[in-house]
Amino acid sequence: MGIEGNSVIDKKTVKQLFFDSSDLVVTDIDWPTGKGVLCYYSSLADGTEVNKQIDIIQQRASKKIDNWGKTAVSDVMPFSEADLVNSVCDGLSVIIFQQSKVMVTISAQSTIGRTPGEPATEQVIRGPHDGFIERTQQNITLIRQKLSRNDLVVRKFKMGKKTTTEITYLFIDSIADKEVIKLFESRLQDIQEETIMNSGEFEDYLEESIFSPFPQLLTTERPDRVVFNLMEGKIAIFVNNSPSAMIAPVSFFSFFQSPDDFNGRVVVGSFFRLLRVMSLIMAIYLPAFYIAVVGFHSEILPIELSKKVKLAINEIPYRPIFEAIILEIFIELIREASIRLPKPIGQTIGVVGGLIIGDAIVNAGLVSNLMVIVVALTAISSFVIPTVEMNMSIRILRFPFMLAAAMFGFFGMAIGTLILVIHLLTLTSLKQPYFSPFIPLDTSRILHVFLRVPYSKFHKQQKTFTFIGKKKGRKS
Amino acid sequence: MKKGLLIIIMMLLLGGCWDEAQYKDVTIVPVMGIEKDGEEIKTIFSFPTFENGMINYSTSEGKGFSTWNARYDANQRTMEALNLAHLEVLLVSDNLAKKDIYEPLDMFFRTPKNRITSYIAIIEGDMEQYFNLPEDVNTDVADFYPELLHTAVLYTFVAENTLGETAKILREESMDLSLPYMTLNEKGIPTVEGIALFSNYKFTGKTLRKEESIAANIMKDNLGKHTYLTYKWRQKESPITIEIISVHRKIKITHDKIDLNYVIDIGVDEFPKNGLYKNDMRRETENFLSDEMKRDFNKVIQKTQEAKSDIFGFGRRVHAFHSELWERGDWQETYATFPIEVDVKVRMKRTNILD
Amino acid sequence: MFTLSRVQFFLFLFIIQTGTVFISFQSRFIMASDHNAWVIFIFAGSLHYVQLLLFEKFHKRFNPGKAVSHLYIAYWIIITISFLSYINYTLSVWIFPHTPQFITMATIVGVSLYANTRRPETIINLPIVIIPLIPIFIVFLFMSLPDLVWTRLFPLDVMEYKPLLKGLFLSQATFIGIEIFLFLRQYVKDDEQVKGKPIFIYQSIWFLFFFTTVIFVLLYFPISGLKFVTEPLLQLLKYQKVTFVERLDMFFLYIWVIWSAITVILYNFMIIHTRKIHFKNTSNRFIILLHLILVVASVYLATKDRVEIVRRAIIYIHIVFSILVPIIVILMDRREKK
């Protein structure tokens with residue numbers, strides 16, 4: 001079909017082009033240079049603003065100013081069907097002049113959006129309380145405001161031909177690694193998908209090891225975290241209509257840093273970082289440890305504790321591994337249920353599930369009360385990890401460890417740890433070492449991982465798996 | 001590749017857990033007794049049983065020609081398998097110890113699961129009586145002995161003797177073993193009576209009584225948390241109780257004698273006579289205590305020499321620095337007749353909150 | 001190709017040298033050398049230093065050809081097998097009496113296979129797993145401090161040279177793996193200094209580590225009792241009474257298992273890497289075959305008798321490969337240059 005061939009571009013053909021959608025506004029418009037057709041989606045464009053702009057442009061046209069169509073919010077381009085569709089779908093208003101085969105686009109979108117409030121998943125006590133919203137434009141505003149430098153580059157990439165899924169990525173040109181950006185861009189080109197609704201779908205295209213339990217992109221809704229990472233030479237990626245930014249390449253330990261770490265005292269910050277490391281260890285190992293102890297290594301229990309443990313587990317019908325799995329699944333159920341349910345009911349579920357069923361399950365003799373303590377502690381410590389995806393990953397990780405402990409006791413855990421470390425050492429994020437600074441081992445930076453050392457400089461993302469020439473690291 | 005991995009994992013899951021020993025399936029034995037019964041060895045186990053959320057105590061007996069054998073025998077009569085991984089006290093009867101104490105203990109050291117940091121003590125007489133406590137005690141065997149021995153160590157009645165320590169000293173030629181010695185008092189309550197003296201691998205039958213064993217521990221400079229001694233001051237005019245604060249020991253060994261030089265710092269804990277604000281009084285008391293202690297120490301030395309039991313480990317130094325003395329023959333024999341001179345000086349460091 | 005920083009280099013070497021050996025060599029070493037053990041070990045330590053210095057001086061001349069590399073690959077396979085069989089035996093005695101031995105072996109070797117099919121950098125950095133474990137081990141060890149009997153340092157008897165030589169010979173067990181220095185030295189970044197202080201620091205750490213274990217074992221056990229003790233360090237920890245947990249030896253055993261597993265991975269890495277260089281063969285078939293051999297051989301050798309034979313033999317082979325062969329290769333290289 002196509003209307004370019006047609007000599008007449010009138011209301012009817014335009015309407016056909018948009019399948020006669022009822023929110024499409026198409027009107028004829030008089031213009032000093034001839035007749036035009038104005039069209040826009042009333043749902044996307046702000047009608048009054050459009051009128052205002054049209055007035056201004058009309059005046060410019062009648063005054064015969066050169067380039068009368070070009071203003072801060074409008075543009076002139078040769079008419080083409082594809083551009084027309086794209087522009088209108090983006091929320092622009094378009095005036096088509098059939099004689100001169102040009103069209104003027106006016107960007108006067110109506111904005112529906114939240115105010116940038118603090119993201120629910122990443123709350124801090126001290127520090128900025130703004131967060132990203134679903135509109136990329138505003139998100140970039142938030143970043144630019146925090147980072148006023150000219151080498152902050154914003155690039156856009158449109159996915160596919162037909163849709164309006166738009167990827168926006170930011171980096172600081174003087175800090176970011178050119179090769180990483182090249183790699184990232186080539187990955188973008190390779191994406192075949194036409195529509196991407198969510199940042200999660202996009203993540204799968206960027207990651208190297210999709211089946212690894214560890215996220216290789218850091219997702220955040222906090223502008224300060226993005227700024228922090230940009231300063232370390234990383235790329236921030238926005239998918240439009242998604243409130244979260246993805247950051248790549250990242251290292252394992254970026255997931256354990258909270259933006260308010262540096263807002264606390266050195267001692268306090270260090271304490272909490274250590275606490276997080278401890279919680280990580282607990283979240284992975286505690287149930288496995290318990291299973292190994294009661295299943296294999298009861299001899300390590302101190303005498304005073306041994307009788308109590310024995311009393312607790314003596315009449316439990318199941319093996320500890322099943323006991324643990326019952327409880328773990330129970331806790332995951334509560335968690336999952338309370339996310340989906342509306343807030344007031346969610347809390348009720350927490351109370352009902354946690355207290356009443358928990359107590360009943362112990363009284364019924366299905367699981368021991370010690371196991372309840374262990375599983376609850378594990379659940380709490382897994383929530384300490386400041387990023388959502390990482391704490392999900394860690395929660396999943398304890399299951400293989402529990403299995404290993406049920407089969408081989410501590411030996412299984414030891415071997416599991418080795419495999420885990422080897423996996424982490426191998427993992428990459430945009431081809432950069434994920435487990436930096438442990439690979440390549442940089443002793444001077446290990447301290448920074450576990451402690452909040454006095455703030456001095458940003459560390460650049462580790463580039464290679466091995467040291468080349470001069471030592472990389474504390475260079476900014 | 002992935003399928004193979006899956007199969008391996010399934011195999012492991014199905015056949016795995018070869019060495020699993022569920023804690024709920026074992027009986028933890030806190031107290032165990034070994035004695036000689038004719039030619040055979042008899043073992044008694046005391047252990048808690050867990051039913052309906054309650055802890056009860058039970059005992060089990062077994063006989064056999066070795067400790068393992070007897071334990072095996074007892075296992076056949078016990079609900080769950082007996083597990084010695086939480087053994088707290090091992091009681092050995094004197095008749096068994098007089099033969100060779102290492103033999104019945106070997107199994108504890110060879111099997112890796114066993115706990116070897118448990119206390120060990122020698123008992124006098126029939127083992128069974130020690131596992132049937134009279135009503136007055138009001139607690140159970142499994143709790144009683146661990147606490148009893150722990151207190152004894154805390155108050156320096158005996159030195160801390162663990163199974164492992166026992167094995168180590170047994171192997172050592174230059175030192176002899178001394179273990180807590182328990183008897184039954186007239187009411188049938190087990191009492192830590194003193195120290196049993198060993199010579200090489202055998203219990204000599206000779207023991208040190210309570211005050212003597214405290215003295216022996218002071219001489220070893222092996223004090224518990226509290227060390228009290230009571231003397232009768234000036235021919236029973238007044239009792240005096242002292243607490244040992246610290247012991248400074250100097251050992252001088254020459255080829256013909258051993259000189260022991262003790263400087264002991266004490267505090268006074270009981271002295272109804274009072275008057276310690278006077279310098280003379282303090283000096284007098286110090287001298288009195290020095291003499292008393294010296295006498296006690298000499299008595300201990302004499303007893304150990306009679307038993308040919310070098311529980312102080314003088315032999316270690318002799319072995320290290322005096323080879324000609326060491327090579328004179330069996331150290332226990334040498335020790336039995338070797339002149340040892342003791343000198344004690346007591347220094348009163350505190351009189352506590354009365355003068 | 002990869003490069004190493006000197007920390008990575010020395011950490012690699014440290015794990016290779018300590019690995020499986022450190023748990024058990026003390027008892028035979030002390031039995032052979034009696035109370036003199038500590039003096040002999042100080043002497044052995046200085047020999048080790050000399051050897052390191054010589055290696056550093058001549059490492060550029062050490063260019064093993066195909067044949068020699070082959071020999072080294074064979075030697076490392078033997079070492080790995082001996083380590084694995086010892087691990088296997090120890091595990092089956094201490095914790096897994098009923099588990100089929102090939103399963104424990106297959107798990108450890110499986111980890112090695114997994115690691116060795118990753119990129120080399122993964123393996124080079126693997127020793128970091130050990131770093132947090134070392135202080136735990138040291139704390140455990142120092143808990144036995146009050147039970148040490150210092151008079152056991154004496155009497156010294158240095159008149160007769162035969163037992164001294166035997167002790168010195170047995171102390172060579174701690175040297176095993178030193179030849180890796182020659183192989184990996186070329187990968188250390190050029191701008192990092194190895195000569196002088198870094199080598200000295202490495203030597204000190206190596207020496208202190210082994211010397212402390214020797215001293216602790218010597219002072220803790222009467223020598224006549226040491227005869228019956230197979231893994232003195234484990235036993236020493238088994239004797240410890242602490243309140244928060246029982247059986248420190250169990251924890252230590254697992255530390256050691258991780259430690260040893262990494263040593264095995266590193267040896268396998270050396271085997272595969274050397275093969276890659278000289279034979280331009282990067283297929284995974286060799287790697288898989290190698291690991292299969294390791295499982296089978298180590299299961300076969302894991303009985304008391306066989307373990308003993310292998311452990312005794314390994315020191316002789318070690319001396320050949322860490323002293324004789326390097327000397328020959330270095331001398332040959334010199335002649336060629338002339």
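Using the three backbone atoms N, Cα and C, a Cβ is placed for every residue, glycine included.
TrEMBL entries are annotated by machine, without manual review.
TrEMBL annotations:
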TRANSMEM  C:7-25  transmembrane segment
TRANSMEM  C:37-55  transmembrane segment
TRANSMEM  C:67-87  transmembrane segment
TRANSMEM  C:93-115  transmembrane segment
TRANSMEM  C:122-144  transmembrane segment
TRANSMEM  C:164-184  transmembrane segment
TRANSMEM  C:205-223  transmembrane segment
TRANSMEM  C:251-272  transmembrane segment
TRANSMEM  C:284-301  transmembrane segment
TRANSMEM  C:313-332  transmembrane segment
Which one of these stretches, C:93-115, C:205-223, C:313-332, has the most C-beta pairs shorter than 8 Å to the transmembrane segment (C:122-144)?
C:205-223
Using a Cβ distance cut-off of under 8 Å, indicate which of C:67-87, C:93-115, C:205-223, C:284-301, C:313-332 has the most pairs with the transmembrane segment (C:251-272).
C:67-87
If contact means at least 3 Cβ pairs within less than 8 Å, sequence distance 6 or more, would you call the transmembrane segment (C:205-223) and the transmembrane segment (C:37-55) in contact?
yes
Do any residues, 6 or more residues outside the transmembrane segment (C:67-87), come within under 8 Å Cβ-to-Cβ of it, and if so which ones?
19-20, 24, 105, 108-109, 176-177, 179, 183, 257, 260-261, 263-264, 267-268, 270-271, 274-275, 277-278, 290, 293-294, 297-302, 306-307, 310-311, 314, 317-318, 321, 325, 329
Are the transmembrane segment (C:93-115) and the transmembrane segment (C:313-332) close enough that 3 or more Cβ pairs fall under 8 Å, when only pairs 6 or more apart in sequence count?
no
Within the same chain, where does the transmembrane segment (C:284-301) have neighbours whose Cβ lies under 8 angstroms from its own Cβ atoms, ignoring anything closer than 6 residues to its ends? I mean 6 or more beyond.
77, 80-82, 84-85, 87-88, 101-102, 105-106, 109-110, 112-113, 116-117, 264, 268, 271-272, 275, 307, 310
For the transmembrane segment (C:164-184), give me same-chain residues lying six or more residues beyond its boundaries with a C-beta closer than 8 angstroms to one of its C-beta atoms, as numbers and ranges.
4, 9, 12-13, 16-17, 19, 21-22, 25, 28-29, 32-34, 36-37, 40-41, 43-44, 47-48, 51-52, 55-56, 59, 62, 72, 79, 158, 206, 210, 267, 270, 274, 314-315, 318-319, 321-322, 325-326
